[in-house]
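Enquirer: Shown below is the structure under consideration.
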Amino acid sequence: MYRAKRAALSPKVKRRVGKYELGRTIGEGTFAKVRFAKNTENDEPVAIKILDKEKVQKHRLVEQIRREICTMKLVKHPNVVRLFEVMGSKARIFIVLEYVTGGELFEIIATNGRLKEEEARKYFQQLINAVDYCHSRGVYHRDLKLENLLLDASGNLKVSDFGLSALTEQVKADGLLHTTCGTPNYVAPEVIEDRGYDGAAADIWSCGVILYVLLAGFLPFEDDNIIALYKKISEAQFTCPSWFSTGAKKLITRILDPNPTTRITISQILEDPWFKKGYKPPVFDEKYETSFDDVDAAFGDSEDRHVKEETEDQPTSMNAFELISLNQALNLDNLFEAKKEYKRETRFTSQCPPKEIITKIEEAAKPLGFDIQKKNYKMRMENLKAGRKGNLNVATEVFQVAPSLHVVELKKAKGDTLEFQKFYRTLSTQLKDVVWKCDGEVEGNGAAA
């Protein structure tokens, strides 16, 4: 039971990209995966969007993504998720982004329902601030939806995925953008009809849908039949609930205009009476220096400028059941095995790092005439000189009990048990600086196995 349970365990793997240690996956799409990461230099959390170079090249999006990343490096607005840097390896592009801790605005609506008008207006004002800033720099979102609106620890809005529209958009010969819709409920009529569209007008429509959801708690356009849904969007078939104020109704109606040429613009939204109530323009420092060297390196072919991807295996963890089983007095294996006068295996604990433990064992075993084979935190030691029962072969593995406590197990895999005991006594003498507590003394009487 004990051995079978351990066999099912597998080593933990730490993956590093440059100075970042990657953690769990927090998002995934067709072209990219987003993983939580930690900057090992300052312990700051970040989110890293990982793109597959082969997929990007296959869809001929390299230059567009490169251009949009360069533009996004210039965007430093308090209501937009920040792009810190870009790295590249032979196979991947890594976009390092600000990690926002407050969750999605979508979750708040899904859990608690609609917002009060004052709160909805505050978030809408912050959304328009972000959209206006990015549009003024030629950056469009084109996939604005509640799920892309995050909140920081202070409850301020942060728009994610701004400027990375190339992952879902393509420019055709007419010079206009074309797309296949990911979330049709938020998408403007001209986008659904794929007739080519202006990115700014499409973003404004999506902002109108978002404002409606914040105030109503549900979408303005919904239908189980996708064709019927498209018809409702194309004709702007929606009604405002009775609790909407007159000012909110007027603004939403002007935003959800199916004709992009007559739809309200951001400059007009900023002058709208309902919008202006309690409005405070954002104040932030735009003085900064931006380098694009990292972008050139990420997309370049020079391997000297590529970031290193490193995989670091961690020792297998032991659970509470296994720790109890290690205690000789409670070792459940003894219930099923004949009494052993001679030990074929032994263990010790160590407070040293696992790599140091493996290195010290190797340094102690080699002078004793042992050939060493290592893989991760497992080691096979074989005596090159044959003994009474052939070559002594010892299997060793390091297990993690806690971050700073490890159990080292040595088992006789082949050869004479007496020779194994003698080897361990000599080895443990050499490992005084590594061994914290031993698994009892090796017994020296009885018949050898």
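Each Cβ is built from the backbone N, Cα and C atoms, and glycine gets one as well.
Below are the features listed in Swiss-Prot for this protein:
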type     : residues                                                             : note
DOMAIN   : 20-275                                                               : domain 'Protein kinase'
BINDING  : Ile26, Gly27, Glu28, Gly29, Thr30, Phe31, Ala32, Lys33, Val34, Lys49 : ATP binding site
ACT_SITE : Asp143                                                               : active site, proton acceptor
REGION   : 161-190                                                              : region 'Activation loop'
DOMAIN   : 313-337                                                              : domain 'NAF'
Enquirer: Which residues, sitting 6 or more apart from Val34 (ATP binding site) on the same chain, put a CB under 8 Å from its CB?
Expert: Thr25, Ile26, Gly27, Glu28, Ala47, Ile48, Lys49, Ile50
Enquirer: Given the recorded positions Glu28, Asp143, which one has the fewest other C-beta atoms within 10 angstroms of its C-beta?
Expert: Glu28
Enquirer: A 10 Å Cβ contact count, applied to the binding-site residues Ile26, Ala32: which residue has the minimum?
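Expert: Counting other Cβ atoms within 10 Å of each of the binding-site residues Ile26, Ala32 gives the minimum at Ile26.
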Enquirer: At the Cα level, what's the spacing in Å between Asp143 (active site, proton acceptor) and Thr30 (ATP binding site), rounded?
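Expert: If we compare the Cα positions of Asp143 (active site, proton acceptor) and Thr30 (ATP binding site), the gap is 14 Å.
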Enquirer: Determine the Cβ neighbour count for Thr30 (ATP binding site): the number of other Cβ atoms within 10 Å of its Cβ.
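Expert: Other Cβ atoms found within 10 Å: 10.
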Enquirer: So what's the average pLDDT for the region 'Activation loop' (161-190)?
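Expert: Overall, the region 'Activation loop' (161-190) comes to a mean pLDDT of 60.
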Enquirer: Does DSSP put Val34 (ATP binding site) in a helix, in a strand, or in coil?
Expert: strand
